[in-house]
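Engineer: As listed in TrEMBL for this protein:
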TRANSMEM  B:26-46  transmembrane segment
DOMAIN    B:87-276  domain 'ABC transmembrane type-1'
TRANSMEM  B:93-117  transmembrane segment
TRANSMEM  B:129-147  transmembrane segment
TRANSMEM  B:153-179  transmembrane segment
TRANSMEM  B:200-221  transmembrane segment
TRANSMEM  B:254-276  transmembrane segment
Amino acid sequence: MRTDEKILRIRDLCVDYRTDLETVHAVNGISFDLEKGETLGIVGETGAGKTTTALSILRLLPERTGKVINGSIEFMGENLLEAPEEKMRDIRGEKIAMIFQDPMTSLNPVLSVGEQIAEVLVLHAFKDKKKDEIDARTDEVLRLVGIQPERKKDYPHQFSGGMKQRVVIAMALACEPDILIADEPTTALDVTIQAQVLAMIRELKERLGTSMIMITHDLGIVAQTCDKVGVMYAGELIETGVLEDIFTGSSHHPYTTGLFGSIPNLKTKTDRLSPIGGLMPDPTNLPKGCKFSPRCPRCMDVCLSTQPKDAIQGTHTIKCHLFKDLKA
Amino acid sequence: MNDTIQFKRQGKLKEIWRRLKKSKTAMFGLVVLSIFIFSAVFAEFITPYNTAIKQNIRQRMQGPSTDHWFGTDGFGRDVFARVLHGSRRSLSIGFLATLASLSVGLLFGAAVGYYGGKFDAIVMRFMDILSAIPATLMALAIVAALGSNMTNLIIAIAIARIPAFVRIIRAAILGVVDLEYIEAAKAGGAGDLRIIIKHILPNIIGTLIVQTTMTTAQLIMRSASLSFLGLGIQAPEPEWGSLLSEAREFLRPAPYLMVFPGLAIVLSTLSLNLLGDGLRDALDPRLKS
């Protein structure tokens, strides 16, 4: 389902969280494109800025603290950062929908699931439609995610975790959005349910031709669902490429190498995994040069003083001094 | 299949009712309150208003009897009729004033809880000022300035309760507004007003109901105390507070004049408080059993 039509274009996005006491540099100049029907995986540790990126696209950053200080987010040629709020309200849910991390908290406990799905419909595509049409569409969406329509009158607490996540997905897909942002959609679920939910997301995405941004810290999920991958570290995309570049390519950013080193491998026998030493840098006080330099096993003098530039190799981009000369 | 769906649909209200029924005190409150409301609504059919204001000097100061259940007062008026018709005033002032302060409190509480920021700071400091003035004193001042009639009395006692409503609603909303399902509603494209009304209010309805019943009880008392001071409903129209005030001069020879309106005030506020307590327990899912 991949075409060359760019549906989302993000350039140099920088997001800060500002309070009276400190400024947190959450996202520091990331750029990427999303094409129609394509799935982009964004992987990274907790606090790498993945969710902040997602919230910036929908302009849902916390009003008082979150500020986009630079860059552009173009959705079908329109810069969302300059769009009026009413326009954003039309886009949210209808054009760009989001699946939140925790289905236990992302459903309103006092509204029945049918009401919550109908809510999205009433706000957008089914604004002027009659009640029975909305009911019919609600049933259809529920069936799509494998829930009996009879259960739409139930409340969230009457569903299991996996079923709740299905409801959340049903809400996100109700208006058949152009882009689906899934923010760690399976983190709160147990492994068997994870597989079910992922298979379902993949199938529905194929069927509806939706583009997707899959935010996760699980490389396994990326391998299963994504076409392109971006590795995020301290608010930067340090390595991007198509799935093959990241998983089977020969050269990698030392951080990506470290990530793969901390996953158990079925084929080789090891007693211990090798995690990356240290912690993410304090986002209020980022290192001057390469953000990964304090933890990098191959750190050089130049890494401490100058920020690395993207080294581009076909579809593969690495932000590291080691690969300066790899330009093809 | 259809039956089970119907059952589940009503599940929530039924569940609350089932738990409320288990509390004997709450049921007592509900029954007493219902009697009060019923007799206030149908007072005219039980005994005409005329009997409550018609003076009959020959029958003055008679103790309770089969003719006059609660006796007669210094002008020979039937005390039962006066208490009964007084309840129309006392209860409606209590309920209307509560409704008024609830509406204003809801408007400001929801706005400041949801938007926060400078608006929040300004409104809350204003509420601090309002609650620093003693409630009775403020009500006295307002009635004295605007003149004593039913509308002014309602305004006077409603204003003093606004800060409490604003604070409670603001706190309840602050507890909900940052939850993920509110963010999810925003991500679905819902506007602010829709989020407040459809997603937040149903979550704080329990707190609201309880606060409302308690406030109604307090405001019945407040309206009675203002009338007792002569600033509420004017004679000869009966009101519980003014009945007590009139009975004061006959405290020794005819104590029953004070007992019956007093009992009416005590029973109505007690029943509201008991019902409020019961509702709080019934609406709290953590006490589910």
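The backbone N, Cα and C atoms fix where each Cβ goes, and this holds for glycine too.
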Engineer: Determine which recorded stretch among B:26-46, B:93-117, B:129-147, B:200-221, B:254-276 has the most C-beta pairs below 8 angstroms with the transmembrane segment (B:153-179).
Structural biologist: B:93-117
Engineer: Take a look at B:93-117, B:129-147, B:200-221, B:254-276 and tell me which one has the most Cβ pairs under 8 Å to the transmembrane segment (B:26-46).
Structural biologist: B:254-276
Engineer: For the transmembrane segment (B:129-147), what are the same-chain contacts with Cβ under 8 Å, counting residues 6+ beyond its ends?
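Structural biologist: Result: 153, 155-157, 159-164, 222, 225-226, 229, 231-232.
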